[in-house]
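What follows is a short report on a single structure.
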């Protein structure tokens, strides 16, 4: 691999990470927006930090940090930054695989835990403004009512519930959507993992090529 190939690989990795850095900025911006406006409140009171805003802020921050290391490591041809970029991508990839395995193994427990958490939060609807905001947002967005059915609400359902008959529960509707789009979700996850592996491969190749170039010019 000559100097021209090294430059090509360097700029490909740079623009690849620059694009992801911009995506991370957008995700972080949406997360901050949701935190400030509190459009999506707390659904699971045993996990109060598990809100849409917090998740987007964490994901956006991680993407920005990793992409920044990739950008600077490639454009500066810095081996330390490139290896940091590689290690972080590897850790993220292993975490994703581990999480996928745990979700698959404990699917039934997770389903029951989520259903219990949602049922508990329904009883807090009129007691907590954050819970009220969360349920109103979800029911309006998904066009659903309650956890499994409208009767989950004791008494008259809130105004955010659709008025027509036969409206499905939010948890049931989410499950149906997930199962009907399982193939597309799987393809997206596989593509994300492939992009991560590709980024790791580029980082290692560029790192090795920097060593060879340095040896060739006697550094």
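Quick reminder: no glycine exception, Cβ is built from N, Cα and C everywhere.
Look at TrEMBL and you will find 145-161 tagged as disulfide bond. Here the Cβ of residue 161 (disulfide bond) has 20 other Cβ atoms within 10 Å, regardless of which shown protein chain they belong to.
The transmembrane segment annotation in TrEMBL covers 12-35 (among others).
Among the features that TrEMBL reports, transmembrane segment is placed at 47-69 (among others). Long-range contacts of the transmembrane segment (47-69) within the same chain: residues 17-18, 20-21, 23-35, 38, 40-41, 81-82, 84-85, 88-89, 92, 117, 134, each at least 6 residues beyond the stretch ends and with a Cβ under 8 Å from a Cβ of the stretch.
For 81-105 (among others), the entry in TrEMBL reads transmembrane segment. Here the transmembrane segment (81-105) has long-range neighbours at 17, 62, 65-66, 69-70, 72-74, 189, 192-193, 196-197, 199-200, 203-204, 206-207, 210, meaning same-chain residues at least 6 beyond its ends whose C-beta is under 8 angstroms from one of its own.
TrEMBL lists 182-206 (among others) with the feature transmembrane segment.
Contacts of residue 145 (disulfide bond) defined by a Cβ separation under 8 A and a same-chain sequence distance of 6+ are given as 139, 152, 153, 157, 161, 162, 167, 168, 169, 170, in order along the sequence.
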